[in-house]
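S.K.: Annotations for this protein, taken from TrEMBL, read as follows:
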REGION    1-24  region 'Disordered'
COMPBIAS  10-24  compositional bias 'Acidic residues'
TRANSMEM  48-74  transmembrane segment
TRANSMEM  94-122  transmembrane segment
TRANSMEM  172-192  transmembrane segment
DOMAIN    376-615  domain 'ABC transporter'
TRANSMEM  813-837  transmembrane segment
TRANSMEM  931-950  transmembrane segment
TRANSMEM  956-975  transmembrane segment
TRANSMEM  1042-1064  transmembrane segment
TRANSMEM  1070-1088  transmembrane segment
Amino acid sequence: MKSTGKDSMEIDLDQAGDREAEDDNNAQAKFARWRDLFNFTSKAHVPVLTLALILSTASGIVIPAMAVFIGKIFDYFTAFGAEKISGPDLKNKVSTYALALLALGCASGLLNALYFSFWMVFGELQAKTAREGLFDGMLDKDMEWFDKRKAGIDTRLQSFVRELQTGTSQPLGLVVQYTVTVVVAIGLAFYYSWSLTLVTLAIVPISAIICAKLAAQMQPNVEAQAKELAKASKIVNSALSAIDIVKSFNGQDAENWQYAEAIRRAAKYYLTQAQANALQIGFIRFVTLEIFVSGFWFGSHLVNTGSKNSGDVLTCFWACLIAMQTADQLSPQFLYLEKGRAAGATLTANIIQMERGRKITNMNGKIIPEKCGGDVQVHNIAFSYPSQPNQPALKKATFHFRAGRTTFLIGESGSGKSTLGNLLLRFYSPSSGDILLDGYPIRTLDIRWIRKNITLVQQQSVLFNETIFKNIAFGREDHIRVRKDEVKTAIEAASLQYTIRDLPNGLDTVVGPRGNAMSGGQRQRIAIARARLGDAPILILDEATSALDHMSKALTMDAIRSWRQAKTTIIITHDTSQIGQNDFVYVLKDGEIIQEGIGRMLKQSEQSLFGNRSSPVKFPHTGQQQPLLLSKEQSSGPHPYVVPSQSGELDGSVLTEIHPKRKRSIFGATIDNMESRSSSRRSISMLSPVALPTQRWTRTQASIFPDPQNSDSMPSNFLDSVETARARNYRNVGVTEMKPIPCDGMTAALYQENAYKRARAESRRRNLTLSTVAIRLPWPYRRPKRVWKGRQITPLKQILKTVWPTLAWKDRLILILGFFCAATSAAATPIFAFVFAKLLGTFFLVENSQRVQQARTWSLSVLAVAFVDAIASYFMHCLLERCGQVWVDALRKKAFKRILDQPKSWFDEDDNNLTHLTGCLDRNAEEMRNLLGRFAAPIFVAVITTYMAVLWSMILSWRLALVGLTCAPYMYILISSFEDVSSRWEGRTNEAATITNGIFTETFSNIRTVRALTLEPYFHKKYFDSVRDTLRIGLRRSAYSGIFFGLRDSSVPCVTALIFYYGAVLASSHAYTVQTIFTVITMLLFSLTSATESMASIPQISSSRSTASQLLRLTRLPYKASHEHMGRIRLAHPGPINFKEMTFTYPSRPTFPVLRSLNLSLAPGTSTAVVGASGCGKSTIASLLLALYPPDHGTITMNGVPISKLRVQTLRSLIAIVPQQPTLFPATIADNIAYALPEGSRSSSLAAIRAAARAACIDAFIDSLPSATTPQSATAAPASQAAKPNA
C-alpha cells in the first residue's frame, strides 16, 4: 500500500531497524542478570578472575580481623578503667596487639595492592573481549544488517564497553571485598555471641528487602536514561558530521534545542534513580546506627548476668558495626554494577542480533576459479532492499556484460542502476533470478575472489584516514608490499600528479577522516587511481567522475578507456556524453530495462530517450569531435578544457577570461551566433587546477532549474516564503574575434603542464611559492590556542569552581541546602563517636543499675543521632545529585552550543574529530556528574568530620590528638601520590581508547568500501593492534595504581595501632582518664574511617577528572568571537556579489594555497556555473561566500557591502546550497526538507514541503514509500535520491 499526504512525509529516516534493535536491546537490558557482567569472560580470563577473587577475599578478612584485635584492646582498657589491671600491664598488652595491627596493616597493603591490580586487569580484559567481539560480529554481518542499524550504531556501543569495563574492575572488586567483610564480620560476631548478634542484626532482613525493592525501581530508569542518551548522541553525531549543512542553513538553534530536549528527558530518569539511591543510602545509615540501641542494651544485660565479659561483647558488637558500615559502602558501588550488567546485557544482545540471520560466511561460496574472464550474465534478476521490501529496486531484469566490452547503464535516480553493482559485489543476494560470472553462479563463488576481480568506484568516494599513498595502495590485495614507484601509472591515469606535487607532503599527505582534507573531485581521482592500481578484470564506475569538471572528466574517461581496452567495464551514469559510438547501453526505469542497444543506433533512433534526458552534454549527430574556438591572443597555445557542444557546435556558448584588470574572450562561438543568443545567457566561471589569477572563464549554459514563473502547482505563498527561490535574469557577456583550433586530450594535458609552469613563474615574480604563502587574516578573529593536550588534567578544585556560576539561583539555594545537609551528616560522626565512647564507658561501671541506666540513655541518644544522620544523608545525596545533573546538563548544552559556534576550520583540527567530541558530550559528561553528585559530598563530609574530630580531640587530649595529626602528612603524601598516578594513567588509557573507538567508527561507517576493497583483514589487524595497545596501557595503569592503592590502604591499620599504643601510654601514666582516652580514640578512628571511605573513590575521581577536563575544554571555547559574528548589517535581498583579490588557504593546509588573487563578479538575477579541475577552489568559493571560512586576503561583497560586515545568519538565509555529498538527518523526510526553518513558518507547512518535493522531482518517490516501512538511511540511499531533499 502506498502512503500519501502527511504519512509519507512523516516517514522517519532514523530507521525502523534502529528502533527494532533498540527495543531488543532494551528488552535484554531490562532482564539483565548479574552474570551478564561476565558475558565476555573467557577461559583465558579465569586465572585472573580467580586470583582477584582470592585476593579480594583475603583482603576482606583483614578488617574483621582488626575487630578481634581492637576488641581485645578495648577489653584491656575496660579492665584498666575498672582497676582490674595496672598501667604497665595495660601498656604491655596493648603494645602486643598494636604490633599485631601493624603486621595486619602490612598484609592489608600487599593484599589490597594485588587485588586492586588484578581487578583492574580483569576489567581491561573484559573491555578487550567486548571490543573484539563487537568488531568480529559486525564484520561478519551482511549489508542488510548495516542498512537497518547504521544510524548511531557506533558511539553508544563504545560507551557500553566503558560501563562494562568500569563495572567489572574496581567496583566489582570492592563489592567482593565488602561482601566478604560483611560475611566474616557477622560470622565473627556469631562466634563471640550469637544471641547478641541476632538481637543486633534483627532488622537486617527487613532492611535487605526494602533495599532490594529500591534497587529494582532503579533498573527501569537506568534503561530509560540510556535510551535517551543514545538519542542525544545521535543528534550530536549527525549535527557534527554535517556541520557545513548545519551552519549553511542556520540550523544551530534547531540542533541545540533537540539536544537540550534529549538530555532533559535523560536527566528526568537519572534523578529518579538518584532519589531511589539516596533513599537507600539514608535508610542504610539509619539501620547502621540503630543497631546500637538494641545492641548495647542487650550487651549490658549479658555483662550484668555474667554470660559474657565486656571484651567479648565489644568484639561482637564491633564486628556487627563493621558489617553494617561495610554494607553501607556497598550501595554506591552497586550503581556501577547496575550499569555494568545493563551494558553487558546490551552488548550481548547486539552480538546475538549479529548472530541471527544471514552472515558473510553463510553467503560465501567455495569455488575459486583460476582466472576471471569478465563475462557477466544477469537473468531475470529481482531485488528489493530489506528496508523497503515492498518497493522493488529491480524487476525481472536481464543483462549481459560481455567480456572485454564497455557497457553503460543509464536511467533516472532510483531506477536500479547502483543496485546492480551492489548485487555483483554480493553486498546483497537477489530475491530471484541468477547472476553468472564466467558461467559460474555467483552465489557459488568465493566472496573474496569476487571482490578481488570486481572493483566498484562509487560517486561518494570513500577515503580512509591514511596517507594518499596508502589509500591508492588499498587497490591491491597485497597493499602492504606496494611501492611508491608502482603507483605512478595509477596517479597519471587519474590526473593526480599535479595535485600531489603541490601538496606539502606529497603522497604522504594524510587525507583526514573520510578524506575531508581533499575536495570531492580529488577524492574521486584518488578512488580512480586506486582502481587503476588494482586493475581488476571487471570495473564498475558508479557516477565515479560526477565531481570532476567536464575537461577533467573527458581526460579521465579517455585514460580509463585506454586502460580498460579488452577488459569488462560497466559505467553507471546520468551523463550520456560519455557513451561512445560502439558502447552497449542499457536504459533503466523503475527497475526495468526500457531500452538497450549500441550507442550510435540509439542516438540515431527517433524513439531514443537520449534526446529527452537531462544530459550535461548531448550526443553530436556527426560523431566527429567539433573544434573549439579560441581567441587570436590564445591561439598559439593549447588549452586543457575540451567541452563538446550540445548540438554539434558550441551553440552560442561563451567562455570569457576574467583578468583582475581586464576581460577578454578565450573560447566562444562566432560573433553572429553569439549575437543571436545574447538575450538569454548564463555564465560559468572556470577555474584552473592551481586557481591562477590570470585564468578565469565564464560560459553560458542551460538552466537545470525549473521555470519559477510556472508555479501554478505550488501554493501561492511558496515562492514568496522561501528566501532563496527567486526569479533570475540572464546577463550578456562580451566577446572578441575567435578562430577555431582543434583540441584533443594530449593538447589539454600539455596545456595543464604549461599552466603549472606559468603559475610557478607568476608566483616567483610576486615573491610567492605554491608551497609557501604568507597568510594574512584581516578578520578580527584568530583561532584560539589549543588548551587541551592529551594528558593535561584540570585540578579538581578548578573543576568544582565551575559549579556555582553554572547554576541558577534556585539551584544555588539547593546546592547550599545540600552542603548544609552534608555538614549535618558530617557533624553526626564525631557526635556519634562521643556517644559511642560514653556507651563503651558503661562497661567499666561497677553498679549494674547504673550501667543499665547509662546504656539506655546513650543508646537513645544514638537513635536520635541516627535519625538526624539518615535524613541529612538522604537530602545530601538527593540534592547534590540534582545539582550535579543540572551542572553537567548546563555544561553539555554550553559545550554543544559553543562547538556549533566554532568556525569550520576548528573542525578540521585533529583534536576535534567527531569521535572525540561525541564522547565528551556523552560518556565524559556522565562521569563528570559524579564529581559533585557522588564524590564531592563524601569528601566534604570527611573533611568536616576530620576537622571536628581533631578539634574536639585537641580539647580533650591535645597530646593524643597531636600524635594522630603527625600521621596526616604521611597519609596526605600517599593519597596525593595515588591520585596523581591514577589521573595520569587514566588520561593515557582514555587517549588509547579514543584512538581505538575512532578506528571502529571509521571501519563500520565505511563498511561498504571496506568490503568492496576486501580490506577486512587490514582493519581487523589495525583495530586489534589498537585494542592490544589500549590493553597494554591499561595493564601498566593497573600495576602502578595498585601499588599506590596498597600503600594508601596500609596506612589505616598502622595509624590505628599508633593511636591505641599512645593512648595506652597516656592512660597508664594517668595523664587522662580512660573515658577521655576512649572518646579521643573513637573520634580519631571514626574520622580516619570516613577519610578512608573517601579515598576508596580516588580512582573513580581520577577518571571523572580526566573526562571533565575534556568537557570543560569545550565549554571554554570562544563564543561569538569568530568571523561569523563580526558583522551587524542585515540585507533584505541578495544583490551583486564580487570577489576582489581573493586569496585563501585552508588552515589545515597552510602551505597549500587554494585561491590566489581571485576576481569574480556575479550579477543579480543570473545563474552562474563555476567549473574547473578538482581541487582548484570551486567548492571553496561557496564556502567563502557562506562565510564558513574567512579569506586570508581580499574582500567579498554583496550589494556593495563586505560580507565581513554582514550578519552571517542573514547572509546564509539568502543563500541555499546543495552540496556534492548530500546529508540527511535522522528525522522524518518532512523535517529534512524543512530543516532549520522557524516553527510556524509558512515554508514549513505541509503544502510548502510537498511543493518543494515536487520541484525537486522526489514527490513520486516519497509517495511510493510504504507507510509500514521506512526507507534506507541517507548513507545507504542512492546519492541522487539523498540529494533531492537538500534541493
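The backbone N, Cα and C atoms fix where each Cβ goes, and this holds for glycine too.
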S.K.: Please figure out which one of 48-74, 172-192, 931-950, 1070-1088 racks up the most CB pairs under 8 Å against the transmembrane segment (956-975).
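M.R.: By the under-8 Å Cβ criterion, the transmembrane segment (956-975) pairs most with 1070-1088.
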S.K.: With pairs closer than 6 in sequence left out, are the transmembrane segment (1042-1064) and the transmembrane segment (931-950) joined by 3 or more CB pairs under 8 Å?
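M.R.: These two stretches do not touch.
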S.K.: Top stretch among 48-74, 94-122, 1042-1064 for CB pairs under 8 A with the transmembrane segment (172-192)?
M.R.: 48-74
S.K.: Any residues 6+ beyond the ends of the transmembrane segment (1042-1064) with a Cβ under 8 Å from its own?
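M.R.: Here the qualifying positions are 62, 66, 70, 73, 76-77, 90-91, 94-95, 97-99, 101-102, 104-106, 108-114, 116-118, 120, 959-960, 963-964, 967, 970-971, 974-975, 977-978, 981-982, 1077, 1080-1081, 1084-1085, 1088-1089, 1092, 1095, 1098-1099.
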S.K.: For the transmembrane segment (48-74), what are the same-chain contacts with Cβ under 8 Å, counting residues 6+ beyond its ends?
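M.R.: Apart from its flanks, the transmembrane segment (48-74) reaches 41, 93-94, 97-98, 100-101, 104, 107-108, 111-112, 114-115, 118-119, 121-122, 125, 173, 176-181, 184-185, 187-188, 192, 310-312, 314-316, 318-319, 322, 326, 840, 1053, 1056, 1060, 1064.
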S.K.: May I ask for the residues of the chain that lie six or more residues beyond the transmembrane segment (94-122) and have a Cβ under 8 Å from a Cβ within it?
M.R.: 45, 48-49, 51-52, 55-56, 58-59, 62, 65-66, 69-70, 72-73, 76-77, 168-170, 172-173, 177, 1034-1035, 1037-1039, 1041-1043, 1045-1047, 1049-1054, 1056-1058, 1060-1061, 1063-1064
